[in-house]
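Remarks on the structure that follows.
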Protein chains: 2
Amino acid sequence: MTSAEKHNRMANAIRFLSMDAIEKANSGHPGLPMGAADVATVLFSRYLKFDPKNPLWPDRDRFVLSAGHGSMLLYSLLYLTGYEDMTIEDIKQFRQLGSKTAGHPEYGHASGIETTTGPLGQGIANAVGMAIAERKLAQEFGSELQNHFTYALVGDGCLMEGISQEAIALAGHLKLNKLIVFWDDNKITIDGAVSLSDSTNQIARFKSVNWNTIEIDGHDQDAIAAAIEQAQKSDRPTFIACKTIIGFGAPNKQGSHKVHGSPLGAEEIAATRKALNWEADAFSVPADVLDNWRLAGLRSTKARKEWEERLAAAETEKRAEFVRRFAGDLPGGFDSALDAFKKKVAANNPTVATRKASEDVLEVINGLLPETLGGSADLTPSNNTKTSQMKSISPDDFSGRYMHYGIREHATAAAMNGIALHGGLIPYSGGFLIFSDYCRPSVRLAALMGIRVVHVWTHDSIGVGEDGPTHQPVEHVASLRAIPGLMLFRPADETETAECWQIALNNKHRPSGLALTRQNLMPVRKEYEEKNLCASGAYELVSSSDAKVTLFASGSEVEIAVKAAEALEGKGVATRVVSVPCVELFFEQSEDYRKAILGKSPVKIAIEAGVREGWDAFIGNDGAFIGMKSFGASGPAKDLYKHFGITVEAVVAAAEAKL
Amino acid sequence: MTSAEKHNRMANAIRFLSMDAIEKANSGHPGLPMGAADVATVLFSRYLKFDPKNPLWPDRDRFVLSAGHGSMLLYSLLYLTGYEDMTIEDIKQFRQLGSKTAGHPEYGHASGIETTTGPLGQGIANAVGMAIAERKLAQEFGSELQNHFTYALVGDGCLMEGISQEAIALAGHLKLNKLIVFWDDNKITIDGAVSLSDSTNQIARFKSVNWNTIEIDGHDQDAIAAAIEQAQKSDRPTFIACKTIIGFGAPNKQGSHKVHGSPLGAEEIAATRKALNWEADAFSVPADVLDNWRLAGLRSTKARKEWEERLAAAETEKRAEFVRRFAGDLPGGFDSALDAFKKKVAANNPTVATRKASEDVLEVINGLLPETLGGSADLTPSNNTKTSQMKSISPDDFSGRYMHYGIREHATAAAMNGIALHGGLIPYSGGFLIFSDYCRPSVRLAALMGIRVVHVWTHDSIGVGEDGPTHQPVEHVASLRAIPGLMLFRPADETETAECWQIALNNKHRPSGLALTRQNLMPVRKEYEEKNLCASGAYELVSSSDAKVTLFASGSEVEIAVKAAEALEGKGVATRVVSVPCVELFFEQSEDYRKAILGKSPVKIAIEAGVREGWDAFIGNDGAFIGMKSFGASGPAKDLYKHFGITVEAVVAAAEAKL
């Protein structure tokens with residue numbers, strides 16, 4: 001058999017597994033796996049550094065299927081190359097409930113799935129994050145421990161989504177030369193021809209953001225190989241435009257949008273078998289083909305062993321640090337350092353904005369955790385995310401630990417996901433809370449994947465003031481709380497800010513967002529307590545026996561609640577205050593704890609400079625809510641609080657009206 | 001005085017008004033108004049077709065300040081050119097509560113503010129929508145009634161945001177040659193130099209998406225004029241890169257990020273006065289300068305009068321239609337057509353997916369309303385948005401009424417905003433509900449501005465099935481309901497779908513989103529009723545005297561509620577069902593109505609295939625909720641409903657447990 005024949009049969013194995021699985025599921029996207037099979041075969045059988053027996057090898061090349069609807073391409077590759085947790089039975093269970101082989105690749109379902117993709121454009125931006133992580137860790141630990149490529153396969157959808165522009169501009173700026181992106185250029189989208197909606201010259205576009213570009217026939221294995229070899233030597237990231245035929249091999253449907261997202265049907269599959277000269281039954285891979293694929297899966301065994309030897313030979317401290325960092329464990333002393341910080345805060349009780357409080361905590365954290373990679377989407381002086389340890393990273397110098405992500409919230413969040421998925425680093429970055437909307441799809445994916453990224457979202461309410469309603473989040477705290485798994489913290493003072501950071505970093509498998517104020521807040525937690533009270537999501541800040549009124553509040557409004565409670569107590573009304581730094585965590589507590597915190601006061605009032613949605617869970621639908629009913633307005637923050645009736649007086653009046 | 005001197009003094013008037021207002025407010029962004037004053041002066045004094053006395057003249061050129069933080073540039077221009085509702089007092093009230101001159105330009109606050117900007121990248125995409133509207137209306141009504149340019153001024157932030165790529169790719173594809181974008185190329189962002197985070201060759205980037213490009217010195221009035229004249233003749237949209245000095249004129253601060261977002265301070269303002277040879281007091285514009293500006297404001301009076309003559313001379317029907325369309329009024333017969341449709345539905349009671357129901361309603365609507373401009377972000381066959389009347393628009397043929405927006409949800413939503421703001425058209429477009437996250441910033445702005453756009457969001461729950469959790473919205477209905485003003489509809493069958501469309505279109509000043517199913521639903525409204533029951537947001541679908549149980553549900557879960565009620569009634573438990581197609585509208589009803597609908601059943605249960613957040617407002621925090629507590633999963637829809645416990649049996653069990 002010639003090398004070309006061998007290649008074709010290997011690629012066809014992907015095509016038939018994909019067709020068969022999609023046919024059996026009666027649902028799925030055959031177009032991409034069939035069209036991109038040649039590119040994937042060359043990459044996985046000749047270039048990709050990976051070891052199916054050690055899927056988490058830290059120096060493996062990363063492969064991201066950004067066009068996640070082509071999931072059968074990835075599942076086929078994992079099965080064929082010998083990942084033990086991807087069997088032919090798993091392939092047969094494609095798109096069935098409880099299977100590893102979900103409709104789109106789901107991180108954590110099976111080894112070799114480096115990230116969850118499907119929402120278009122996310123994968124390419126994840127890949128940029130992975131390449132950032134590799135470069136940073138190579139700088140830190142040396143090329144003997146970190147020296148791998150990151151590959152991504154993207155479709156037209158990925159490239160049309162705006163996030164792709166943010167991501168490729170960032171990658172080009174940073175000269176991420178070990179990032180290699182294949183474009184499955186098949187000229188087809190769901191509506192029909194790409195030309196219905198786009199006329200972009202993608203090569204020129206990538207050149208304009210400082211990429212190396214190559215154009216090839218995506219079905220020519222030699223051209224694919226030559227392109228990869230050229231890309232590996234580039235001093236810039238490389239974009240390989242691969243002209244392909246969508247649904248390659250299906251004689252009557254290939255090249256049309258009909259093969260994009262529907263099973264081919266038995267008849268067309270039979271015709272494809274004939275056209276591609278494939279005699280094996282459904283889900284059956286001829287022995288020679290499977291052997292060749294399994295051999296491909298063994299290609300990097302030696303490299304992996306050599307790498308392990310290098311790790312073993314590294315000096316003890318470096319090795320331990322590398323292993324710790326990739327395990328995602330925090331260094332010893334983290335909790336006690338934050339505890340010491342809390343003591344110091346309690347001794348001073350500063351009146352500060354929580355964005356500044358966060359900076360103070362970060363100063364401690366970044367001193368202790370070399371793995372934090374800070375940053376901001378061009379709001380560094382506003383987000384207070386750059387501490388003394390954080391030298392800026394530049395294209396030619398990755399010795400720093402601070403990313404200037406640019407005005408690109410979406411790619412920032414997606415790159416952070418990629419950094420976290422890569423391992424070895426904990427990414428945090430800043431933005432205005434209002435612009436969490438710009439990166440919401442990536443925040444959601446972090447929650448779905450269960451990865452540790454921390455968003456520092458400052459300017460968290462009408463407290464923003466003069467910038468007005470376009471810059472004042474009113475619904476964002478509620479809407480972020482709606483994302484399953486995400487811990488949205490809204491701390492009330494410096495102590496709570498420290499506790500929230502502590503929880504965020506101690507959770508390896510959850511993303512966090514910290515909603516922080518621009519304006520100064522008085523301390524509400526004045527006494528040092530060893531326990532992290534924020535960890536239960538809500539806790540009694542001010543107790544009062546047989547309370548007639550309970551005030552629930554978060555963040556900047558806790559101060560209002562405390563003052564209102566004092567005023568009510570002064571009027572003889574027993575009032576307790578519950579601080580609610582994290583709604584999610586509260587509802588994960590035991591029923592007993594929740595009942596105790598909600599309490600039995602006849603009057604319950606929630607106070608938050610945001611919308612009511614979600615607060616009925618605390619106060620019932622007969623409770624009173626002091627907050628926002630509309631968008632904000634432009635004016636000094638104090639005027640706005642008064643104008644929108646979020647004041648001590650309003651709380652007292654609401655309590656009295658209810659009593 | 002030479003023409004150059006005259007220009008300089010006019011531009012300096014903008015600079016000083018901006019500096020003075022920002023200084024007085026002690027807050028704001030002087031950098032852009034000072035840096036872009038020359039570009040704005042040439043445009044407004046020599047080219048822009050506008051009439052401050054007739055600010056809503058339908059054929060005026062549109063000017064969008066995409067870099068909205070430079071709001072004082074716009075306010076200065078409006079005051080100087082003689083808009084009557086922008087006085088020097090308004091300028092002095094910059095950024096104060098209740099003033100017209102908000103921190104960022106707010107649509108509706110004053111004439112001449114064509115759109116709300118501030119969230120970066122939105123304005124340029126709005127401008128693309130305006131240019132689409134112009135082209136479409138010119139095609140429809142002729143160049144004698146529609147023949148204007150759309151100008152936008154963008155900064156680095158606008159160009160870094162991903163939405164800008166979506167927008168410019170769409171504009172380039174459509175050859176929107178009457179769109180002219182100025183880039184305030186000042187090389188500065190908040191973090192410092194643009195080079196900290198970006199290396200994009202913007203000229204090459206715009207060329208790659210089919211734009212005409214020009215590079216000029218943004219302080220050279222002749223070059224600016226020549227560029228505009230060249231752009232006006234282009235057969236493609238034009239990008240004019242204007243090299244400017246941020247904070248131009250402030251001798252000690254210009255050219256640095258220090259002038260971007262803070263007042264200059266009295267000392268620097270005094271130094272600027274000296275440097276620019278400006279003797280007038282704060283907020284005072286020398287008479288010669290004001291005269292020249294006011295003359296500039298009169299420049300298009302003649303053109304406007306001639307336009308009015310042309311309109312008056314048009315044939316009666318065409319004139320009436322044009323006037324009606326720009327007034328935003330629906331044609332007579334709209335409500336009765338939908339009523340007839342409802343009658344037809346009640347006669348057939350079809351079991352259909354609400355996305356298909358929506359297509360059926362749209363078939364009626366589009367037949368009656370020539371102003372609807374349909375579209376989809378590349379999901380036409382899934383969103384069912386293309387009815388028989390909807391021929392596709394192509395770059396060379398705007399006679400169609402259907403936009404293939406491409407895989408660009410964000411630019412789609414922002415362009416829809418621009419189309420609605422332009423007037424004369426009602427844009428609707430389709431996408432998957434899950435990807436409402438991709439366009440959330442634009443949806444929010446539609447709500448903030450109060451404009452009529454309709455989002456057709458299909459595939460609205462785990463009912464999506466096999467595509468899995470990346471494609472299954474669970475938190476989106478809740479998070480969209482959190483946006484003030486947005487009407488998020490989730491109809492339960494074809495009748496409700498028709499009613500929701502009717503409400504959406506009858507509301508000139510609110511955006512809507514329709515969350516629609518992929519899967520078939522049985523009819524729940526079987527009898528024809530004249531009244532639009534959905535208009536009250538929630539209504540009693542199944543009544544039961546002295547009900548022990550009330551079931552609240554929306555969309556696809558109403559069917560489950562109805563069946564559960566039947567089961568409970570069968571067991572002797574009096575049960576009523578409330579359908580909740582629109583939470584927002586329900587909470588706008590009278591207290592009496594709300595109380596009556598919420599009712600007094602001891603047991604209240606809400607059923608929705610989404611998160612609980614928001615439902616406590618109906619059922620109290622002691623009610624039961626049947627819905628999602630996590631992300632979804634990949635599998636057939638029916639399996640998923642069972643797996644996640646959203647079934648008739650689960651509802652019955654929950655009711656019995658509570659009783």
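Glycine too: its Cβ is placed from the backbone N, Cα and C atoms.
Keep in mind that TrEMBL annotations are predicted by a computer and have not been checked by a curator.
According to TrEMBL, the substrate binding site annotation covers B:HIS29, B:HIS260, B:ARG355, B:SER382, B:HIS459, B:ASP467, B:HIS471, B:ARG518. Taken from TrEMBL, the feature site 'Important for catalytic activity' applies to B:HIS29, B:HIS260. If you look up TrEMBL, you'll see B:HIS69, B:GLY118, B:PRO119, B:LEU120, B:GLY157, B:ASN186, B:HIS260, B:PHE435 marked as thiamine diphosphate binding site. As annotated by TrEMBL, Mg(2+) binding site applies to B:ASP156, B:ASN186, B:ILE188. Per TrEMBL, the feature domain 'Transketolase-like pyrimidine-binding' maps to B:352-524. Here TrEMBL flags B:GLU409 as active site, proton donor.
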Nearest to B:ASP467 (substrate binding site) by Cα distance: which of the recorded positions B:PRO119, B:LEU120, B:ILE188, B:GLU409 is it?
B:GLU409
What is the total of other Cβ atoms whose distance to the Cβ of B:ILE188 (Mg(2+) binding site) is within 10 Å?
27
When you measure from the Cβ of B:PHE435 (thiamine diphosphate binding site), how many other Cβ atoms are you left with inside 10 Å?
24
Chain A neighbours, filtered from binding-site residues B:ASP156, B:HIS459, B:ASP467, B:HIS471, Cβ-Cβ distance under 8 Å:
B:ASP156, B:ASP467, B:HIS471
Spatial neighbours of B:LEU120 (thiamine diphosphate binding site) that are distant in sequence (at least 6 apart) but have CB under 8 A:
B:SER66, B:ALA67, B:GLY68, B:GLY155, B:GLY157, B:CYS158, B:MET160, B:GLU161
Listed binding-site residues B:HIS29, B:HIS260, B:SER382, B:ARG518, filtered to Cα within 10 Å of B:HIS69 (thiamine diphosphate binding site):
B:HIS29, B:HIS260
What Cα-Cα separation, expressed in whole Å, is found between B:HIS471 (substrate binding site) and B:PHE435 (thiamine diphosphate binding site)?
8
From binding-site residues B:HIS29, B:HIS260, B:ARG355, B:ARG518, the one whose Cα lies nearest B:ASP156 (Mg(2+) binding site):
B:HIS260
For the recorded positions B:ASP156, B:GLU409, B:ASP467, the one whose C-beta sees the most other C-beta atoms within 10 angstroms:
B:GLU409
Spatial neighbours, same chain, of B:ARG355 (substrate binding site) - Cβ under 8 Å, 6+ residues apart:
B:SER382, B:ASN383, B:ASN384, B:VAL456, B:THR458, B:HIS459, B:LEU516, B:THR517, B:ARG518
By CA-CA distance, flag whichever of B:HIS29, B:ILE188, B:HIS260 among the binding-site residues is nearest to B:GLY118 (thiamine diphosphate binding site).
B:HIS29
So what sits near B:HIS260 (substrate binding site) in its own chain, CB-to-CB under 8 Å and at least six residues off in sequence?
B:HIS29, B:GLY31, B:LEU32, B:ILE188, B:THR189, B:ILE190, B:ILE246, B:GLY247
Quick check for the class: what is the C-alpha distance, in angstrom and rounded, between B:PRO119 (thiamine diphosphate binding site) and B:GLU409 (active site, proton donor)?
16
Taking DSSP three-state, what's B:HIS260 (substrate binding site) in: helix, strand or coil?
coil
Helix, strand or coil at B:GLU409 (active site, proton donor), per DSSP?
helix
